[in-house]
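> This is the structure I want to talk about, given as structure tokens.
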Amino acid sequence: MAAGNYALDANPSNSQIDIETNGSDWLWAVCATFLFFDLLFVLWSFTRPRGSRAFHILAIAILSVGTIAYYSMASDLGATPVIAEFYGDRHQNYAGEPATRAIWYVRYILWFINAPLLVLAIALASALPVSDIFGAMFMIDVTVICGLVGALTPSTYKWGYYGFGVGALIYTVSVLLGPGRISAGYVGSDIASIHTRGVAYLSFIALIYPICWGLSEGGNVITSDGEMVFYGILDLFTMPFFLALHMFQLRAVDLGRFGMTGVGIGGVGRSYVRGEKDAPLVPAQGVPEVGAV
């Protein structure tokens with residue numbers, strides 16, 4: 001970067017509407033931000049005892065995927081040309097001919113992996129039932145898939161996929177705001193407050209994504225550089241910034257309240273595993289003690 005950004009020279013565009021050097025510079029900055037927070041969470045995880053790193057590992061996975069995805073986009077890789085439904089007069093070089101716009105499928109790979117993990121990070125911290133968690137994770141991936149298929153569709157039929165995706169997104173948000181908030185209240189008033197703040201913040205930003213899609217892949221209103229700035233800001237606030245805020249609020253919470261410590265080294269059975277037989281496992285209600293018939 002100090003010597004200059006030559007990514008577009010090394011990987012020339014295959015679309016008429018694509019990012020320029022300024023857009024690539026912005027993507028490198030976002031990539032660096034993801035990497036910084038990724039390393040921060042790696043170091044933070046080592047300060048936590050084993051058995052209480054679940055949310056840190058989720059954050060590391062999300063940020064690692066984000067770093068690789070933004071590295072690809074900054075390098076002008078991971079896109080395919082698709083004929084834009086609306087190309088307008090601003091593409092003077094292609095007047096009278098359909099213009100192709102770069103559709104960044106690597107971004108949808110990023111969302112397909114990370115969106116369910118973000119839902120999982122929120123749901124686990126509310127002790128939401130497994131059925132609701134799986135349902136919300138599935139529906140958020142439906143949103144991502146519909147966005148990708150719609151972006152790859154050159155005709156007006158793309159807006160049908162847009163509608164399906166928005167509906168799936170609203171379902172996911174309703175699960176986290178409804179049953180998720182109720183479930184968090186059963187764990188404790190402090191957990192309910194953390195959950196409500198986190199879900200309200202994340203839901204507000206998530207509902208802006210369809211607006212960006214409509215202005216970029218859908219309606220071809222903004223340039224590819226504008227698309228990258230818009231999506232980049234949204235991704236920064238939904239991934240590294242949100243995860244830092246979420247983990248800071250959960251820093252002093254015992255994961256045993258969510259039933260997540262498990263049995264083993266670092267878990268509820270750590271004393272027994274280490275050979276301290278005078279401190280046996282405490283059985284749950286209805287479960288026989290170790291050695292009991």
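Easy rule for this one: first residue shown is 1, then count along the chain.
A Cβ is built for glycine as well, from the same backbone N, Cα and C atoms used for every other residue.
A TrEMBL annotation is a machine prediction, not a hand-curated record.
These figures come from a predicted structure and were not determined experimentally.
Feature list, courtesy of TrEMBL:
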TRANSMEM  26-47  transmembrane segment
TRANSMEM  54-73  transmembrane segment
TRANSMEM  108-126  transmembrane segment
TRANSMEM  133-153  transmembrane segment
TRANSMEM  159-178  transmembrane segment
TRANSMEM  199-216  transmembrane segment
TRANSMEM  228-248  transmembrane segment
> Are there residues at least 6 beyond the ends of the transmembrane segment (54-73) whose Cβ is under 8 Å from a Cβ of it, and what are they?
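Result: 19, 27-28, 30-31, 34-35, 37-38, 41-42, 44-45, 48, 79, 104, 106-107, 109-110, 113-114, 117-118, 120-121, 124-125, 228, 232, 235, 239-240, 243, 246-247, 250, 255, 260.
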> Out of 26-47, 108-126, 199-216, which stretch touches the transmembrane segment (159-178) the most, going by CB pairs under 8 Å?
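If we count Cβ pairs closer than 8 Å to the transmembrane segment (159-178), 199-216 scores highest.
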> Would you kindly list the residues that approach the transmembrane segment (26-47) from elsewhere in its chain, counting only those six or more residues past its ends and only Cβ-Cβ distances under 8 Å?
1, 5, 19, 53, 56-57, 59-60, 63-64, 66-67, 70-71, 73-74, 225, 228-229, 232, 235-236, 239-240, 243-244, 247
